[in-house]
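Here is what Swiss-Prot records for this protein:
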- His76, Ala117, His118, Ser119, Gly149, Ser150, Asn181, Tyr288, Glu370: thiamine diphosphate binding site (BINDING)
- Asp148, Asn181: Mg(2+) binding site (BINDING)
Amino acid sequence: MNAQPLLPRIQSPADVRRLSRAELKQLADELREFVLQSVSRTGGHLSSNLGTVELTVALHHVFDTPEDRLVWDVGHQTYPHKILTGRRDRMSTLRQLGGLSGFPRRDESEYDTFGTAHSSTSISAALGMALAAQQKGEKRHAVAIIGDGSMTAGMAFEALNNGGMPHAGRVPNLLVILNDNDMSISPPVGALNKYLARLLSGRFYAAAREGAKSVLKSAPTLFELARRFEEHAKGMVVPGTIFEEFGFNYVGPIDGHDLDALIPTLENLRDKPGAQFLHVVTKKGYGYKLAEADPIAYHGPGKFDPQIGLVKPATPPKTTFTQVFGQWLCDMAAADPKLVAITPAMREGSGMVEFHKRFPERYHDVGIAEQHAVTFAAGLACEGLRPVVAIYSTFLQRAYDQLIHDVALQNLPMVFALDRAGLVGADGATHAGAYDIAFVRCIPNMSLLAPADEAETRRALSTAFAHDGPVAVRYPRGSGAGTAVETGFETLPWGRGEVRRQAGGHVRGPRIAILAFGTLLYPALAAAEKLDATVANMRFIKPLDAALVEQLARTHDALVTVEEGCLMGGAGSAVLEALQAAGLQTPVLTLGLPDQFIEHGDPALLLAACGLDSAGIEAAIQKRFCASAPSHLRPVANG
């Protein structure tokens, strides 16, 4: 091994392409150690990045990036890619406000050819790039790197179906790399597979195959027999028949940590025309024993000491909203045998581990397939079961037609537990739950609740489960106010909010009522203390408590709505619609997320930047209303 470190000398992939095979292996070792040390200091995705080190090195060595396009599916496994493409010195800013994104972004680097974070988009995007190159007469390569988990989504197969077809007379030059890190569809990887990969990707095999085809096509029966024999022979040692049927030349599986296998295979596939499919097998957490042993725990850890590993905090943290949901789900399942739970590959993130253990026959993980998850749940509801779909707010976007056509149109009794609603912090714009209020409340038959804290979240879930129709309950990532959660199934009065703070009888300025939706109730209450304003905990976005809105409008000089969602079509819009229907012209200030994508960073900092912390709410109200004349309206007691 070279005594001098190689990684500090790598300023771009051009430097990687100059290295020898031995140096590439050394670089991979240094890169893996750098990823481990870096993520341990910043937090972030670890297991997946440790598993893609050799593949990343090989890709940048073989392909002329950024002229050749690499499209990484999901994108949370791109830390090695970022490090090799000139961003090593900025890794200390990863996922922080103003720092590097945890995902590929076109505005961050020319090497990030396509922005990703949601799954199963890479093949479609790479195919578009390949066809664009073909149409413009440019001789560059397009490569999609997709994990086996992402292959469960229909979009990936839609792209494969299209990618192997001739376009303008020929199949585009597209390479799809299946990064199989779960061994779920792989036979043992050994010398035979390595040899076969080199053989099937090589020029001699391709030339012999095409030559034999041209001869045998003159005798159709012999050609069909030969085709079946080839398919059977390859199927004995490789599981690629389905990809061959899509029109791809399948190669693999090969060891994704073996540069001696990866590099010659990639070179062969680079030089072959048409649609190619390479199956590589990797191991999540590779090279760090603790992550190899528990890749789920090390999927997205916070800061930790690599020598010790993850350590449980001495004092247990506050209960999270996700944990409240998980406990409610188990309790309700014990009480009602009709409850079934569905998740699109988010068992841990959605708090369903315990439910899976206790009720395995009523637990359905459908994989990364949100469209299927929603319609599958609709089918369960049609047969009298009570499905609960646990899904992140941002991922429900992927099943919007199913939500309308298959659920709401039939008014099926279902619960959608929308985790990660609002700002999500380090994952940034791609994962923000900013739009669910707007896109759910406009659907007929759909109801939407926004509980203010942990205790109310449990009651909201029970309320939704008891309702005869589709209901979504939105709640944020992390913990809330720390309220004690009861163990029963108390419900909320349907469609009713409550006044949590009443303004005093002698307000100096205009009488203000703040209508808070969701967890922003607490910063609204803090702001109201300084303003002596009324605060309503609205609870329901749809059906909106129009009677409470009208009452507050008649007894206050102005209303302020506060929500952790986009303003266009949001809860504030619902209040304005209610006032219009009542013929009231009370001034309204709507506060929420601005009309822009919110960057990654600490959630508290992001909330403050959006003016949704207590100081921001107070300042916005002061600026808009508090120079007005004193009010002559009298308060009305909470009904």
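Positions of Cβ are set from backbone N, Cα and C atoms, glycine also.
Ranked by how many other Cβ atoms sit within 10 Å of their Cβ, the binding-site residues Asp148, Glu370 place Asp148 at the bottom.
Cβ environment of His118 (thiamine diphosphate binding site): Val74, Thr394, Phe395, Arg398, Thr430 lie under 8 Å away, each six or more residues apart in the same chain.
Within 10 Å of the C-beta of Gly149 (thiamine diphosphate binding site) we count 20 further C-beta atoms, all protein chains included. Separation of the C-alpha atoms of Glu370 (thiamine diphosphate binding site) and Asp148 (Mg(2+) binding site): 16 Å, rounded to the nearest whole number.
Rounded to the nearest whole angstrom, the C-alpha distance between Asn181 (thiamine diphosphate binding site) and Asp148 (Mg(2+) binding site) is 7. Shown in sequence order, His45, Ser48, Asn49, Gly102, Phe103, Ala117, Gly300 are the residues of the chain, 6+ apart in sequence, with a C-beta less than 8 angstroms from the C-beta of His76 (thiamine diphosphate binding site). Residue environment of Asn181 (thiamine diphosphate binding site) contains 24 other Cβ atoms, counted within 10 Å of its Cβ in all protein chains. In the three-state DSSP scheme, Asp148 (Mg(2+) binding site) is classed as coil.
Summarising the thiamine diphosphate site geometry, the residues cited as binding it (His76, Ala117, His118, Ser119, Gly149, Ser150, Asn181, Tyr288, Glu370) extend over a maximum Cα to Cα distance of 32 Å.
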